[in-house]
C-alpha cells in the first residue's frame, strides 16, 4: 500500500515537472560534454605544447652559444617586443610592404567583427580605434544579425519552403520525411560548395597549408569561431599571392555568403518537426501550451491547403471524386492532416495510374 502510494506520488511528481527534469538533465549533459572535451583537448595538445616549449628553449640556447656578443636579457627584450607587435598584426619577417590597415584589409576586419568571427590577427592599435570599435560593434552587430535574419528568411522561401510544398503536392509524401531529406541534401550541397571546394582552393593558394588545415579554416570561419591561427593572405611572398587586395576581398565575400548559407541550413534543420518535438520537451508549461496552440494553427492551415489541393485535383480529374470524398471525410473525422493519395485502381484520363 505504502509502496503503491510512493510510486504514484513519484509518478505524479515526474509528470508535473517533466520539462524541468528534462532541462536539468540537459544542463548536466552539457557540463559533462564541456568536461570531456576539455580533458580530450588537454590530453592531445599538452604533449605538443611541452615539446614545442623545449624546442624553443633549445634553439634559444644554441643561438646564444653561437652569438656570444648578444646578451640573454637584450634578446628576450627584443623577442617580447616582436611578439607583442605580432599580436597586433605587425610583423618584421620580410613583409615590410604589407599593411594591415589599408582599405581592403580594414573591410575584411569589419566583416569579421560584425559577424563575430573575430580572428584576432588584426586589432586596433590606438585608443581611438579601440573606442570606435566598441561603438561600431554595438550598433553594427545587431544590424548584422537583423540583415542575416532577413536574408535567411528570403532565401529559405526559395530553397526550402517552396520545394517542400511542391514535392509534398507532387509526391504526396509526409512533410516531416521530406523535410529530413531536404535538410540532408541542403547540408551536403552547402558543405561541398562552401567547405570542400574552398578548402582545395586554399590548398592551391596558400603554400603552407595542407587540406586538413584548409578544411579546418573553412569550418572555424563559417561557424564564427574564428580562432585566428590560420588566416589566408598572410604570406609575405608576392609570387604565391600576386594580388593580395583582390584575394582578401574575395575571402570577405566568401565568408559572408558562406555564413548566410550555413544559417539557411541551420534554420531548415531547426524547423523540422522532429526538432520541434525535441525542443518541446524542454519548454516550460506555459511555453509548451503556447507552442501547442501554434502547432494547432499550423495544422489547420495545412489541412486547409491540403483540402484546397484536393479540390483542384478533383476539378481536373472528376473520376477520383469518390476517393477524395472518403479521404476528406476521414481527415475531418480524425482532425489530422494526412497526405492525399489516389485510391488503388482509380483512373486518370482512362488510364490506370
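Using N, Cα and C of the backbone, Cβ positions are placed for all residues, glycine too.
Among the residue ranges 91-112, 245-266, 267-288, 289-310, the one that TrEMBL annotates as transmembrane segment is 245-266. Residues 214-233 are the range that TrEMBL records as transmembrane segment, among 214-233, 314-333, 334-353.
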